[in-house]
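Visitor: I am attaching a structure below and will ask some questions about it afterwards.
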Amino acid sequence: MKHSPDRLFAQPLAEVPDFTFNEDVARVFPDMIKRSVPGYPTIVENIGVLAAQFAQPGTRLYDLGCSLGAVSQALRRHVRAEGCRVIAVDNSPAMLERCREYLHAQDAMFQELLRVETIEADILALELEPASLVAMNFTLQFIPPERRLELLGRIRQVLLPGGALILSEKLRFADAEEQALLGDLHVAFKRANGYSELEIAQKRSAIENVMKPDSLDEHRQRLQAAGFRKVLPWFQCLNFVSLIALP
Ligand SMILES: C[S@@+](CC[C@H](N)C(=O)[O-])C[C@H]1O[C@@H](n2cnc3c(N)ncnc32)[C@H](O)[C@@H]1O
Ligand SMILES: O=C(O)C(=O)C[C@]1(C(=O)O)C=C[C@@H](O)C=C1
């Protein structure tokens, strides 16, 4: 599959539009997310490894906000429980079209083992069914904050005993000094990955109205309010974290 380097914000824009997961973003997304999210390849691969410990035979594994299906592909590489089915959901037609192509390319190796169904839908409107694993890799931060508890509550309701939610998010920090330092370190990460000051600034203004990160405390409290009994971070790199939440 052909994907291109991310130069979406390289030229000065008269006005920076709000960030959306459109065709332009879908085309450069593998490069964009790898250069923007510290630890992304490690997180994705290890979601597969963790999922293999929670997946139960004959159950559903959800990948909510699947984008190009990186997590679904990792699930296929690692989960060995019999008769599981991956349900990959995204509301961006551009993302989902490419996701289907990538998964199709992987079918030859894994179709027998782990079937994948892709669904173009708003996860807030989707009827969830019983599942042993739900992964939301950098998706909740794009859900309107006032809808997050309700969504997590519905996920908690469908999770089977012994299952898990794996939730990865960008973090904000209540402490101003921590916020400033980790924000600066994240900018340094982007710079080290070849983004210019202009690209970093324009991406920030594109994303600030659409992506609303929470603090780790807010995540813990909300997950507990949604009925999860245990929340444990298994990965953090700078201001990006991944949590395991147990029903
Ligand atoms: C940062 S990307 C996720 C990256 C992906 N999980 C991965 O690991 O490569 C966020 C995705 O969530 C999707 N999304 C945002 N809001 C959504 C919603 N309400 N319903 C379904 N998908 C949504 C976006 O279209 C986008 O593809
Ligand atoms: O915080 C940023 O600047 C990011 O680029 C983060 C982030 C994300 O966490 O999902 C935002 C959107 C992009 O699609 C990829 C990465």
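Note: Cβ is positioned from N, Cα and C throughout, glycine not excepted.
Computed from a predicted structure; not experimentally measured.
Straight out of TrEMBL:
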type    : residues                                                                 : note
BINDING : Tyr40, Gly65, Cys66, Ser67, Asp90, Asn91, Asp122, Ile123, Asn137, Arg204 : S-adenosyl-L-methionine binding site
DOMAIN  : 63-163                                                                   : domain 'Methyltransferase'
Visitor: Tell me the Cβ neighbour count for Cys66 (S-adenosyl-L-methionine binding site), meaning other Cβ atoms within 10 Å of its Cβ, over all protein chains shown.
Guide: 29
Visitor: For the S-adenosyl-L-methionine site made of Tyr40, Gly65, Cys66, Ser67, Asp90, Asn91, Asp122, Ile123, Asn137, Arg204, how many Å separate the two farthest Cα atoms?
Guide: 25
Visitor: Take every residue in the domain 'Methyltransferase' (63-163), average their pLDDT values, and give the whole-number result.
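Guide: On average, pLDDT over the domain 'Methyltransferase' (63-163) sits at 96.
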Visitor: Anything from the binding-site residues Tyr40, Asp90, Asp122, Asn137 with its Cβ under 6 A from ligand 1? List those in sequence order.
Guide: Asp90, Asp122, Asn137
Visitor: Out of Asp90, Asp122, which has the highest number of nearby Cβ atoms, where nearby means within 10 Å of its Cβ, if these are the binding-site residues?
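Guide: Neighbour-count leader: Asp90.
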Visitor: What count of other C-beta atoms do you get within 10 angstroms of the C-beta of Tyr40 (S-adenosyl-L-methionine binding site), across all chains shown?
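Guide: Taking every protein chain into account, the count is 19.
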Visitor: Inside 10 Å of the Cβ of Asn137 (S-adenosyl-L-methionine binding site), count up the other Cβ atoms and send me the figure.
Guide: 24
